[in-house]
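J.: Straight out of Swiss-Prot:
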ACT_SITE  95  active site, proton acceptor
DOMAIN    101-345  domain 'Radical SAM core'
DISULFID  108-350  disulfide bond
BINDING   115, 119, 122  [4Fe-4S] cluster binding site
BINDING   176, 177, 208, 230, 231, 232, 307  S-adenosyl-L-methionine binding site
ACT_SITE  350  active site, S-methylcysteine intermediate
């Protein structure tokens, strides 16, 4: 029987698992075996780990566990988009969304219950911040989704190669600001990249940040994955209003951080995300200003039609205005995409992953709550 003080092995990346096995008097190769069982074979207990010595299995049964977050709900859209509501305890919940496409499958992962950044156009921020997720709760979203999706396709667990992988891309674009939970997010991403776990390339793991400049630099030094920046405004005055974090890290500092990051990034551009708000940030003049502020950063733009929520006081830009805005950027030679709406019928949105605005992220209030999901593309 597992003790009350057992460690959750999902909290360990490769280095952590080697250290843990060392504390049990085991050699490093045992950690690799254990990691493969957990992350490639979806093992939930130790008895079935047949290539581990029985003595080690007995040690683990007394000291360790493999504990996944509980799934509160699981919905599939008519277009194949799938959304899970994950119970993370104390009445809090986060959402994980899978977006299937012909050549890839993208998983949108949450890093916090709620968010402290409080962007004006994001309903998650309006609910306040509850807590950081643990590494186990973050990597558990990928583990849960990958093996649930494999089961739905009749595929068995196991390291069957990239052709058998269902989740081919991960975007840290769910609830929360990933760089404000750095100590848990980075080990989770290391597992995403580890060949003894999920084996994704750095180009296929994208972290989206609102612009936490010091942590962007740290990420670049320690684990440079693809980077997206939630920009949403072309000048400091407007961005101060839409993204309050800009008051601490204004655009000049943010653009400089992007330039530094590109020196080590797995891609040669930054993706700038831009929520299209009617009459707020969507004129052709704004587009030209946006080109000016980003001129020294190789980039692409991802324009996001706003998903309205109660009390936001904001309206989605009209399609024709989004098109005009995009054309200014395209005419300047910058790759520009407009994010598509996906899975309307299962209610989960970029910027609205918390569902209908409630008090914080209360699970009982949120199961089945309303929202919209829009396509999340790895970049």
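Just so you know, glycine gets a Cβ as well, placed from its N, Cα and C.
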J.: Quick one: which of these binding-site residues, 115, 230, 231, 232, 307, have their CA within 10 A of residue 108 (disulfide bond)?
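T.: Near residue 108 (disulfide bond) by Cα: none of them.
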J.: Which of these binding-site residues has the least crowded Cβ, counting other Cβ atoms within 10 Å: 208, 230, 307?
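T.: Selected from the binding-site residues 208, 230, 307 on minimum Cβ neighbours within 10 Å: 307.
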J.: On a C-alpha basis, identify the one among 95, 115, 119, 122 that is nearest to residue 177 (S-adenosyl-L-methionine binding site); the candidates are the recorded positions.
T.: 115
J.: Which whole-number mean pLDDT does the model give the domain 'Radical SAM core' (101-345)?
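T.: In the predicted model, the domain 'Radical SAM core' (101-345) has a mean pLDDT of 95.
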J.: Just how many other Cβ atoms lie inside 10 Å of the Cβ on residue 176 (S-adenosyl-L-methionine binding site)?
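T.: Excluding its own Cβ, the number within 10 Å is 29.
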